[in-house]
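Worksheet: the structure to be examined is printed underneath.
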Amino acid sequence: MSLLPHLILYLTLLTVVVTGETLRPRFYSETCPEAESIVRREMKKAMIKEARSVASVMRFQFHDCFVNGCDASLLLDDTPNMLGEKLSLSNIDSLRSFEVVDDIKEALEKACPATVSCADIVIMAARDAVALTGGPDWEVKLGRKDSLTASQQDSDDIMPSPRANATFLIDLFERFNLSVKDMVALSGSHSIGQGRCFSIMFRLYNQSGSGKPDPALEPSYRKKLDKLCPLGGDENVTGDLDATPQVFDNQYFKDLVSGRGFLNSDQTLYTNLVTREYVKMFSEDQDEFFRAFAEGMVKLGDLQSGRPGEIRFNCRVVNRRPIDVLLVS
């Protein structure tokens, strides 16, 4: 069988690596006009199959974009020569529903082969996760390329832990030109979804090495968490991140005001005087939260590494280079 068609296709993709594009709305209006509709359709299917999955997919944008920009490096599986980001400290046993992105990519490849990047899928799917659960809808800028590699170490070095305090989070977000308001609004992504007992055991039983629970926890809520996450129990048990875990709303901020934040990194936003004003604002004004969240997601989506990229056929692996085709044929 002739290798020429394969070589032509892969050489075409190699030109993509070096050309790059400016992000813009409706990027696929000519090359794949139904791209955004296809992504939303697949997200609806995922939501029907498992409601929690859309919250899981929404988190991909944060965990991807903070590590060397929005390039779908998060989606790459480990290889013998590369430790990717899926097993980094902030992602292992935490991020899930990668199969939803697989399904979206498969649908897009059928409609528009080798056209829509996995990095753009992450951005569109995150937006749709919010909109489909009652939150804001916004126009996304597209035209990203997929990374050629990933780094577990880079993820470990950048991503915050559930123990992070507000001061650390402020400094982290400032590194990416995201304001305090952006940071607090984007933390509202925890309006939907669940977290593991593993992430809060120290809050319940040994906050700051005291051997005591976090004093910021409202007593009745602490008792609820004690029952959910007993000392010595299964740390993979999950609990709701706010009182309305399947609805994107401002209940998350109301819970923080009342001392019912699930994660330390959430509750610290209310105990810190710099971030408290935004928590109170969003708890009282859902429309303002929605506006700030959408603006923050757009800013987050603008983070780019400037590294070479491609349009992956499979979001879990980089494309074979022409030399790879020759070696295995």
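Cβ from N, Cα, C; glycine included.
These figures come from a predicted structure and were not determined experimentally.
What Swiss-Prot records for His63 is active site, proton acceptor, and it gives sequence analysis as the kind of evidence. What Swiss-Prot records for Cys32-Cys112, Cys65-Cys70, Cys118-Cys315, Cys197-Cys229 is disulfide bond, and it gives sequence analysis as the kind of evidence. Positions annotated as N-linked glycosylation site by Swiss-Prot, on the basis of sequence analysis: Asn165, Asn177, Asn206, Asn236. Annotated signal peptide per Swiss-Prot: 1-19, in sequence order. What Swiss-Prot records for Arg59 is site 'Transition state stabilizer', and it gives sequence analysis as the kind of evidence.
Here the features listed in Swiss-Prot are placed on the structure.
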residue : record                             : DSSP class
Cys32   : disulfide bond                     : coil
Arg59   : site 'Transition state stabilizer' : helix
Cys65   : disulfide bond                     : helix
Cys70   : disulfide bond                     : coil
Cys118  : disulfide bond                     : helix
Cys197  : disulfide bond                     : helix
Cys229  : disulfide bond                     : coil
Asn236  : N-linked glycosylation site        : coil
Cys315  : disulfide bond                     : coil
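Residue density at Cys315 (disulfide bond): 22 other Cβ atoms are found within 10 A of its Cβ, drawing on all protein chains shown. With a cut-off of 8 Å between CB atoms and residues at least 6 apart in sequence, the same chain places Leu74, Glu85, Ser90, Asn91, Leu95, Ser155, Met159 near the residue listed as 'active site, proton acceptor', listed in sequence order. Restricting the recorded positions Arg59, Asn177, Asn236, Cys315 to those with a CA within 10 Å of the CA of Cys229 (disulfide bond) leaves Asn236, listed by sequence position.
Residue density at Asn206 (N-linked glycosylation site): 14 other Cβ atoms are found within 10 A of its Cβ, drawing on all protein chains shown.
Summary: among the disulfide-bonded residues (Cys32, Cys65, Cys118, Cys229), the fewest other C-beta atoms within 10 A of the C-beta are counted at Cys32. For Asn236 (N-linked glycosylation site), the nearest of the recorded positions Arg59, Cys112, Asn177 in terms of C-alpha separation is Arg59.
Taking every protein chain shown into account, Cys70, Cys112, Cys197 are the disulfide-bonded residues, and of these the Cβ with the most other Cβ atoms within 10 Å belongs to Cys70.
In sequence order, Leu95, Ser189, Gly193 are the residues near Arg59 (site 'Transition state stabilizer'), counting only same-chain partners six or more apart with C-beta under 8 A.
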